[in-house]
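Record features (TrEMBL):
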TRANSMEM  30-49  transmembrane segment
DOMAIN    34-337  domain 'ABC transmembrane type-1'
TRANSMEM  83-108  transmembrane segment
TRANSMEM  158-180  transmembrane segment
TRANSMEM  186-206  transmembrane segment
TRANSMEM  274-295  transmembrane segment
DOMAIN    371-605  domain 'ABC transporter'
Amino acid sequence: MTDESVFDRYRADVDQPMRRLFAAYGEPRYGWFALGVIANLLAQFASLAPPLVLGAAVNRLNGQTYSLPLVPGSLLPSGQEPLFWLSVAFIGGAFLLTGVFTYVYGVAANEFAHGVMHAVRVDCFEKMSRLDMSFFDDKQTGETMSILSSDTENLEMFLDNALTGAVRLGAMLLGIGIVLFLENPYLAVVTLLVAPVMAAFTYWFMKRAEPLYAARRSSMGKLNTRLENSIAGIELTKTTASESYETERVRGSSKQLFEDTMSMLRLSYFYRPGMELLAGVSFSLTFLVGGYWLFVGAPPGATGQLQVGTFVSFLFLSQRFATPLAEVSNIIDQYENAKASSERVFGLMDIPVEVDDPEDGTELTDAEGNVVYDDVTFAYDDSETVIDGVSFEAKPGETVALVGPTGAGKSTMLKLLLRMYDVTDGEVRVDDHDIRDVTLESLRSHVGYVGQETFLFDGTIADNIRYGDFDASDRQVREAARAAEADEFIRSFPDGYDTRVGERGVKLSGGQRQRIAIARVVLHDPELLVLDEATSAVDTETEYLIQKSLDSLSADRTTFAIAHRLSTVKGADEILVMEDGEVTERGDHGTLLSEGGLYADLWSVQAGDLESLPEDFESRVIDESD
Ligand SMILES: Nc1ncnc2c1ncn2[C@@H]1O[C@H](COP(=O)(O)OP(=O)(O)OP(=O)(O)O)[C@@H](O)[C@H]1O
């Protein structure tokens, strides 16, 4: 469902993701990268020394000269015993150096890879938190989570393992190639004869593997989305006894992933032994030609003698080919994953933010709380108009109530004030500023919002009241809770204000969560208050308590209240009755009752007086979009 998403649109336009990744995130850490590469090269070169020393020692024992590539013979001692000790020192020193360089390489490569991963993750989150509400309306949670976790991990794996693995492989091939040529060019050609075949085989593998990796990634994404959805909907699954249905759905997605993984692995398992076989061919050829040279005489085209020690070194070194080459499939695997992951990362980063801070935005300071909706029209995305030419004014300190049938556009109206979305036409002004001209932070910090459902972060009750005013003292938190009629129930918990609320606040009742949300607003003390059916989800007794605290909260600040229970907004300065995105009636409670319109009918319904309803009542209150 989320597969064909806004992500795909921007992902498709990401150009050269890996280059961009290096330019944007690699650059500040190039020092670590360079150190890692150099240490890696040195470690590889040091590890080539023991077979060469072994070869030289064997030569000496056969009465031939003890020589090492790149080491001038004049520096070497001539006696057998000093040469023995020198060999021991060389071999010991080579292992020591390999160890030290491998350590340096490990530290540097990880600093680089994890540094990039950390920066990418934080930037992705920062970008995500600035994205428009409409992005979240499309429910991209699973996809966004997987970018923040598994995609950044893929990048880390590639930068840490594969990139340095590739460097190591290159260093190994280069180092072995050079050493072999220095030792014996003829035999070196024989040993390296299979290298072009290996390259062709690798190319073939990469071409075949690419679509298989893509298929696997896609089924992995689908499975994640499925799991995300199934876990989020566990309550519905249980209440409708649909566990087996959900399991079947997960089984289907998991089976697809299994099959795609197996097709990929079948190719991969074919490649790895294939490379090992080619490395074996290289070894056998070296053995064949070198052995022939030693036992029979110079092979066609070769001149001179082959020393036994040189032959031993060759055999050891040509064996070294196999392991790093077999790693190529891992490197390709991780490269493909990282490429797709950086596409996803930059796909997210490239999503444009519509509702953003204006350039040179004004700070809304000391708002008085005058709010004007001036001929406001709004539609979500490109769909039909939800608010249609609405105008009204709320003077500082006034309460404006919005009532009307479900789907009429009441919540949408208030979301426009918070700039969760921008108006399509007209403007919303606070203290004579078009809200699009002031900074988002200063606008929102002047508005307190209590919705139908309250989200609480996992943490303590005090943390949740303090959310948004993080420096508030314990005393201020308690006072706010008292004003929100929450102090009493909070203190009845054994841990009081330090009680942990559980994920999303599940350990508290709806009414308790709502009172915590109100306490949060009281503490914040905003000039504007938005109450979107703040009491709809609670019982009558709690509603009474909440209403009491809301009444005192709204007494001296501009308040917008949406209510289905009309008794809660009876005292509002102005009541706007909305139908199909338009304000069809306006006035205070008395005026609206006397007009005998929809408001008066709704009031009759709530008073239980169904007899007096006009015939068209039902058709007016039924949401046509349902
Ligand atoms: N995020 C959204 N994306 C697209 N359309 C939306 C979105 N939210 C609401 N709508 C549509 O906008 C219209 C107005 O919805 P809104 O929530 O503002 O109505 P409401 O009057 O507050 O309803 P209720 O009283 O049921 O909360 C509805 O037709 C709804 O389907």
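Note: Cβ is positioned from N, Cα and C throughout, glycine not excepted.
Residues of the same chain lying 6 or more positions beyond the ends of the transmembrane segment (186-206) and with a Cβ under 8 Å from any Cβ of it are 173, 177, 180, 267, 271, 274-275, 278-279, 281-282, 285-286, 289-290, 293, 299, 301-302, 306, 310-311, 314, 317-318, 325, 328-329, 332.
Panel annotation: around the transmembrane segment (83-108), residues 32-33, 35-36, 39-40, 42-43, 46-47, 49-50, 53-54, 56-57, 60, 66, 68, 76-77, 164 of the same chain, lying at least six beyond its termini, place a Cβ under 8 Å from a Cβ of the stretch.
Summarising model confidence by region, the domain 'ABC transporter' (371-605) averages a pLDDT of 88.
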